[in-house]
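What follows is a single structure, written as structure tokens, with notes after it.
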Amino acid sequence: MFSISWLILLLTFLFGSVISQTNVDVQTLYTHLFTTNNYNKLVRPSRNQSYPNYLYVSFNLYGISGIDEIQQKLTTTGYLEIEWVDELLSWTPSQYGGLSYILYPQGDVWKPDISLQNGFSKLEDLGSKFISVNIDSSGHVIWRPFHVFESKCDIDSTYFPFDRQTCHLYFVARSLSERDVRLKRGSGIELVDDLQSHGEWNIVSTSSLNLRNQYETKVRFTIVIQRKPLYAIMNYILPIILLSILGVFTFTIPVDTGERIGYVITVWLAFAVFLTIINDSLPKSSETIPIVSIYIMIQISIGTLIVIISAIESRFVHLSDHEPVNTILLTFAQKCRKRRVQPETEIKKCMERDETCVTWKEAITALDKFLFWICLSFFVFSTMISLSIAGSK
Ligand SMILES: *[C@@H]1O[C@H](CO)[C@@H](O)[C@H](O)[C@H]1NC(C)=O
């Protein structure tokens, strides 16, 4: 008990000047500032109106709530911290019981009409009625309007899903010219300690810049974000690569069974489905084409080629063995033949016909084998190239 009362005494002694202010002091100050001085919130708070007001703008980011790739929209949650000096709102603390700062509703003091220039939805007032500004005895005002900012962000999906996007937020004083106010970046973008993480995007870096032209000054905040690729790899990239492998194995199905065309058409359709899915989740743009779309297009083209080749092959495989085998096919067949032992009867049959002794079926099988290796190498090559280009970013 003894020590606590000592502590209270000590605190009263140390902070006496701060806590000695009364409600009457606050009320007197309000009356002095806003009634006696006849404060008008429409007047720019500079005693000499030839001087502009300097506004320091910083951005405190709570997190990214979402990125809409189709609409090219970035949604961020946070608050701006705008500071300026209101020369008409200053007092001497000692006259008001040591009162060093007051809070006042944002709608009742002069404030700049700062807004997001590259906003996505209609122009809105920053903050809201219940937000107060903090005014200290030297007239230094801090306004912290909280807002969910929806800004336009150009999405470049070339390197999807390893893409990195740079999004800008431009803040400008809508109707105040450069002669009235100067916007300056304060401490840039500050990420709050308990930053909300986003499932798909990581914030890589942030920066800020003062921009100025003849008519207006503005502050640009930049957020660089990187996609976390795991989701897209598991759901788009791996299935597409597996499908491509299936396409290559078309040539291991004998063409005379008639299964092959059905098989390759199915693979072709699956590619078309994936192309639709990918394109539905990326912005529709003719300026940049995602590498993954190009990759799918290449695989679809190869699929088409395989269908055509299979159709022609299935026609030839049913040709009578009395027809002479095409010379190019013949070379393939003879190359492959060395290792193969032919049934006795077949050799006899073809010996009667001519000395090369290659049947159509044999020739087609040899061609399939060759095409299989061609397709496999092309698959490996195109996949490696695509992955390395997309991943190099
Ligand atoms: C305001 O500032 C300008 C520029 O310094 C000066 O010429 C002018 O006299 C000042 N006006 C008043 C009323 O002090």
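The backbone N, Cα and C atoms fix where each Cβ goes, glycine too.
TrEMBL entries are annotated by machine, without manual review.
Taken verbatim from TrEMBL:
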- 28-229: domain 'Neurotransmitter-gated ion-channel ligand-binding' (DOMAIN)
- 237-320: domain 'Neurotransmitter-gated ion-channel transmembrane' (DOMAIN)
- 1-20: signal peptide (SIGNAL)
- 230-249: transmembrane segment (TRANSMEM)
- 261-279: transmembrane segment (TRANSMEM)
- 291-312: transmembrane segment (TRANSMEM)
- 370-390: transmembrane segment (TRANSMEM)
Which of 230-249, 291-312, 370-390 shares the most C-beta pairs under 8 angstroms with the transmembrane segment (261-279)?
291-312
May I ask for the residues of the chain that lie six or more residues beyond the transmembrane segment (370-390) and have a Cβ under 8 Å from a Cβ within it?
159-162, 241, 244-245, 247-252, 291-292, 294-295, 298-299, 302, 306, 309, 332, 336
Confidence summary for the domain 'Neurotransmitter-gated ion-channel ligand-binding' (28-229), mean pLDDT rounded:
92
Using DSSP, what's the helix, strand and coil tally for the domain 'Neurotransmitter-gated ion-channel transmembrane' (237-320)?
68 helix, 0 strand, 16 coil
